[in-house]
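Structure first, then comments.
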Protein chains: 2
Amino acid sequence: MRLCLENCMSVSSSLYRRQLFLVRSLGGCCCWVHMEGGGTAVKARFSTLGADAEGLMRIITPKLDPIRYKGQAGKIAVIGGCREYTGAPYFAAISALKIGADLSHVFCTRDAAAVIKSYSPELIVHPVLEESYSVRDEEKASVCAKVLGEVNKWMERFDCIVVGPGLGRDPFLLDCVGEIMRQARESKIPTVIDGDGLFLVTNNLDLVKGNTLAILTPNINEYKRLVEKALGCEINDQDASQQLASLASRIGGPTILRKGKTDLISDGLTVDEVDIFGSPRRCGGQGDILSGSVAVFSSWARQRLAIVEESYKLSNVNPMVLRSIAGSALLRKAASFAYANKKRSTLTTDIIDYLGRSLEHICPAN
Amino acid sequence: MRLCLENCMSVSSSLYRRQLFLVRSLGGCCCWVHMEGGGTAVKARFSTLGADAEGLMRIITPKLDPIRYKGQAGKIAVIGGCREYTGAPYFAAISALKIGADLSHVFCTRDAAAVIKSYSPELIVHPVLEESYSVRDEEKASVCAKVLGEVNKWMERFDCIVVGPGLGRDPFLLDCVGEIMRQARESKIPTVIDGDGLFLVTNNLDLVKGNTLAILTPNINEYKRLVEKALGCEINDQDASQQLASLASRIGGPTILRKGKTDLISDGLTVDEVDIFGSPRRCGGQGDILSGSVAVFSSWARQRLAIVEESYKLSNVNPMVLRSIAGSALLRKAASFAYANKKRSTLTTDIIDYLGRSLEHICPAN
């Protein structure tokens, strides 16, 4: 379901024109678009990108061609992994490879690196982050600069970075990661923010404000904190789509993918819903797969935006929304396959095992 | 396709005689052999070793015989693996075993050793290399001598060494590895050079100049740097075979295997092409499999050279070329099997799983 919604807080005339264009252009489900400021309530019927998530994936996913060389199908990096958490960054990084990225890096602390490396020889793991316990106060500035230097050497090679899986909440580490996010933004690298990355961002919204290349992927609790911080109110499940659009608009820039029974995606202008059946299992780690999945489609969608717009007779489609829809749909598909096989016993690694088959099921490689 | 090409830079009369011999001896595809210096353009028809890569593998691969003992089917060592990279040396070393080598060693840094050991109990992993961060300036000479001593204890036992997978670019470590390469050369150990080993060699061509027992296996970017450094020009894809022969001739000694949509192999005198269908997936790590594969065939081809020459009615066949053709063909075959099964989700470990089946498919063990 794709809803074009009122941005309750601030509605520009260009948004209003775009909404009118969509009303004219599209058929499909019914929704209200409330226009405040200069607007009036408009009852609109829209066709949907989210409802055709599989069709969208078929358009976004690039053909494989023997003349292509290593890296052209995607170079991803995950910023995460500390003394406590090593599974989450692994899940995100290996998911990216299993979906079809060529290279997947992890930037983590030294303690985490050996463990993450041992999960898989396919990942390139950089032991460069530092936590407070290993750094004296007087060293912090120089250590942070060194960390930033180590990551920056690589930054421009990446098509997308994922910030947050297994990052932990060490204040010094989070400060350094905030600087990495600023650097990614300067370098115009799309950035998916999940887990403890959302904790960092919720406490410092300026890190993502105005960054249209950022995607936030909160679960229910992370979303609750974001709503409280940015909108100053409680979650409103009765009008979830509108509240999500309001939140995205208030933050201004990032696309938000709200995970739940169905996934809702908004950039503040539109709301899409992905309701492909997934799995009733809620084992930890599925959000990490999602972040890796969105990252891969991020590198693919950029090249295929014009074809999507032509196929759906749309203009000004936000590529970050496309990435989020495709990433969500693939995870849900893989989760449904894994659950059909493993039932209550389904784990995140089982779902990862189905990522390739799920994508092949939707858009065969040859 | 096997082309006997002009060596643009320097063509000896012995080369000219050999080319004439080949022209007389062989049937097959057509190519021009330009002879400068004392030569004239000759239109020649050649039969091909690369085009019959599977037949060649059947000749090179030794029969398994219960009377043979451990080590006779190949003892390989990989020099690589540092704080950042552990997957690459593992891929190269385990590939050698999976193809049929009896023993596979890895010489890496201490940080890398525990991780590489954890990937597989099949490998013998020596934590002997050192990176700058763990060595004070005044210790460097003695540490380098110690590293060299540790590796030299083993050197003469190996049938082939692979230098470069996951080596990293630490200057001190590369200096030590340069010394290891010199020692291997003195000991007449065939040496496959890939990855960061090519970075080292490109910046110091003397390390391989005149070494006919060296094989360089550059991908497109590594090849570009080699061409710029050795020939002082850009890549010429219109006349790729000739440029490769020129490059090999200019460096003088090593065989070069240029990886790409098809693999081109030249020792400066001939160019072979291996175009067996592989996989359109370009996930990182496939080059490491190739280096391990070439290393195994390196230990096998030496014993079977006379049979190859007799079978193909050739003389003066360069065994390094045979190794490269066989190594390339096996990787491509395994990649095609893995891709048929895993499609976009194909990873390097999946390809490694098919190495044995691919060789069995080409030349059954019994």
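The backbone N, Cα and C atoms fix where each Cβ goes, glycine too.
What TrEMBL annotates here:
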- A:53-362: domain 'YjeF C-terminal' (DOMAIN)
- A:GLY166, A:ASN219, A:ILE220, A:ASN221, A:GLU222, A:TYR223, A:LYS224, A:ARG225, A:ASP288: (6S)-NADPHX binding site (BINDING)
- A:259-263, A:278-287: ATP binding site (BINDING)
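Those residues noted as binding (6S)-NADPHX (A:GLY166, A:ASN219, A:ILE220, A:ASN221, A:GLU222, A:TYR223, A:LYS224, A:ARG225, A:ASP288) have their most widely separated CA atoms at a distance of 20 Å.
Neighbour counts were taken as the number of other C-beta atoms within 10 angstroms of each residue's C-beta; across the binding-site residues A:GLY166, A:GLY285, A:GLY287, the minimum falls on A:GLY285.
All protein chains included, A:ASP288 ((6S)-NADPHX binding site) registers 31 other Cβ atoms within 10 Å of its own Cβ. Under DSSP, A:CYS283 (ATP binding site) is assigned to coil, being neither helix nor strand in the three-state scheme.
Per Cα geometry, A:GLY166 is the residue among the binding-site residues A:GLY166, A:ILE220, A:GLU222, A:LYS224 nearest to A:GLY285 (ATP binding site).
The average pLDDT the prediction assigns to the domain 'YjeF C-terminal' (A:53-362) is 94.
Reduced to three states, the DSSP call for A:ASP288 ((6S)-NADPHX binding site) is helix. Taking A:LYS259 (ATP binding site) as the reference point, the binding-site residues whose C-alpha atoms are within 10 Å of its C-alpha, out of A:GLY166, A:ILE220, A:LYS224, A:ASP288, are A:ILE220. Within 10 Å of the C-beta of A:SER279 (ATP binding site) we count 21 further C-beta atoms, all protein chains included. Fewest Cβ neighbours within 10 Å among the binding-site residues A:ILE220, A:CYS283: that distinction goes to A:ILE220. Note: the CA-CA distance between A:SER279 (ATP binding site) and A:ILE220 ((6S)-NADPHX binding site) rounds to 17 Å.
Cα to Cα, A:GLY166 ((6S)-NADPHX binding site) and A:ARG281 (ATP binding site) are separated by 21 Å.
Distance from the CA of A:ASP288 ((6S)-NADPHX binding site) to the CA of A:LYS261 (ATP binding site) is 17 Å. A simple Cβ count within 10 Å picks out one of the binding-site residues A:LYS224, A:ARG281 as the most packed, and that one is A:ARG281. Closest to A:LYS224 ((6S)-NADPHX binding site) in space, going by CA atoms and restricting to the binding-site residues A:ARG281, A:CYS283, A:GLY287, is A:GLY287.
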